[in-house]
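Colleague: Below is the structure I would like to discuss, written out as structure tokens.
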Amino acid sequence: MTLRLHDSRTQSLRDFVPLVDGRVGIYVCGPTVQSAPHIGHLRSALAYDQLRRWLAYRGLDVTLVRNVTDIDDKVIDNARRGQEAGGTEEWWALAYRVELEFSRAYAALGILPPSYEPRATASIGEMQAIIGRLVERGHAYPADDGSGDVYFDTASWPEYGELTRQRAADMEAAADADPRAKRDVRDFALWKGAKPGEPASASWPSPWGAGRPGWHIECSAMSTRYLGAEFDIHGGGLDLRFPHHENELAQSRAAGDPFARYWLHNGLVAVAGQKMSKSLGNSLFAADLLASARPVVVRYFLGSAHYRSTLEFHDGALAEAEAALDRIETFLDRSARRLAGTRFQAEPAATDGAPAAVPDEFAEAMDDDLSVPQALAVLHDAVRAGNAALDAGDLQEAASLRADVSAMVAVLGIDPLADEWRTASDQPARRALQALVEHRIAERQTAREARDFALADRIRQELAEAGITIEDSPGGSHWSIDGE
């Protein structure tokens, strides 16, 4: 089956055909590092991590660029407010501190590092070059009030609105700059002239005067700098579709770049049925989320909904994810113990880097616009079938299903047995539990051999009360947690 992705520009499912055979270039709008990361940031980054992993599984060489917006009105304003409250942190220090918070949160969730992670402040020259081309082509104009602002002339670009299918007359005024010298209220800032009272370190020299770039031009410059004038996929949150992505597309095309061939947008997060927002006071910060559950559980939850749908967070959401992941983990543990020492023992992972094959139904789901919910259904069906095979003593079938489950969780990045999810505290606890349970099982076996069935039954009952299930078979006794 051919991979199909929902292209926001055409509002349709399209067969994915890379610009260069065997290679994929992806640009994802990263965070504006003004304040601590929240669940919405994590959900977006994880959606494109799933896409990247699936493309890599299909044998494509993926270059993923995720930017850091480290210069912006919000960054400057937050630093100023901190200083007014008695702090000393400069805007650039705030941006770097918050950037590290994002990096730690991404790493905790197993989100693969991007191929490139450029900061906006490192591409000022590329931004000015695009602005210069737009001015030369008649699609941008310097303000005539001496402010140093440069605006994109929306009236000069008839295709403006093509991404969101809006008519120019229906669009709202651009809210990213003062309207002091705009020709049209929809025109947006490409370059913002320095204002009195702003830190000198937040301005760069330019042909139009000292200032800093507008938000939209930053992504146009960084994407084409690292991926070229035309690249495969541009991704980001649904809330960026307008005006940010609409403006990116317009200014890039007007400057002569073909730009992105596919546009993907992930859905937002709702908390107790309400859209998450600072104004409602219902933001869920990454640090709190990661403190409330194991990171792999958080990753499972964030990636369990279709990437284009709204992700609903409620009080029991993480508990449900924990239960689902526990079913996977206990099957993998149980099957590993049952198969150990048999001819069906799990083989070590291939050393040539080739991923293990996933079931056809799983691949079909992922090829259908990354239908992760359907892929997870295939995964859990395999877990149930694997447990049934173990119950029936069919080790060959159990081994086959274990291989399927292992391949699927590896592709999704949620293998609960992977070293990356084993914390320093997990390892000793697991070893201690295993030693204690196996010691009691050995005592039970000794009692059975001595025909002391009362003691053997008492040991079984004690373990059952602790959530340990014992299964007796001709090959010996095996144990599992919580009714594996």
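These residue numbers are counts, starting from 1, taken along the chain as shown.
In case you wondered, yes, glycine gets a Cβ from its N, Cα and C as well.
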Colleague: For the annotation motif ''KMSKS' region' in Swiss-Prot, which listed range does it cover: 70-74, 135-139, 275-279?
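Modeller: Per Swiss-Prot, the stretch marked motif ''KMSKS' region' is 275-279.
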Colleague: Please identify the range among 31-41, 196-206, 306-316, 438-448 that Swiss-Prot labels motif ''HIGH' region'.
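Modeller: Feature motif ''HIGH' region' in Swiss-Prot: residues 31-41.
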Colleague: Neighbours of the Zn(2+) site Cys29, Cys219, His244, Glu248: Cβ within 8 Å of the Cβ centroid, same chain, sequence order.
Modeller: Trp215, His216, Glu218, Ser220, His234, Gly236, Leu240, His245, Asn247
Colleague: Sort Cys29 (Zn(2+) binding site) into helix, strand or coil using the DSSP assignment.
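Modeller: Where Cys29 (Zn(2+) binding site) sits, the three-state DSSP reduction gives coil.
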Colleague: Per residue, counting other C-beta atoms within 10 angstroms of the C-beta, which of the binding-site residues Cys29, Cys219 reaches the highest number?
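Modeller: Highest number of other Cβ atoms within 10 Å: Cys219.
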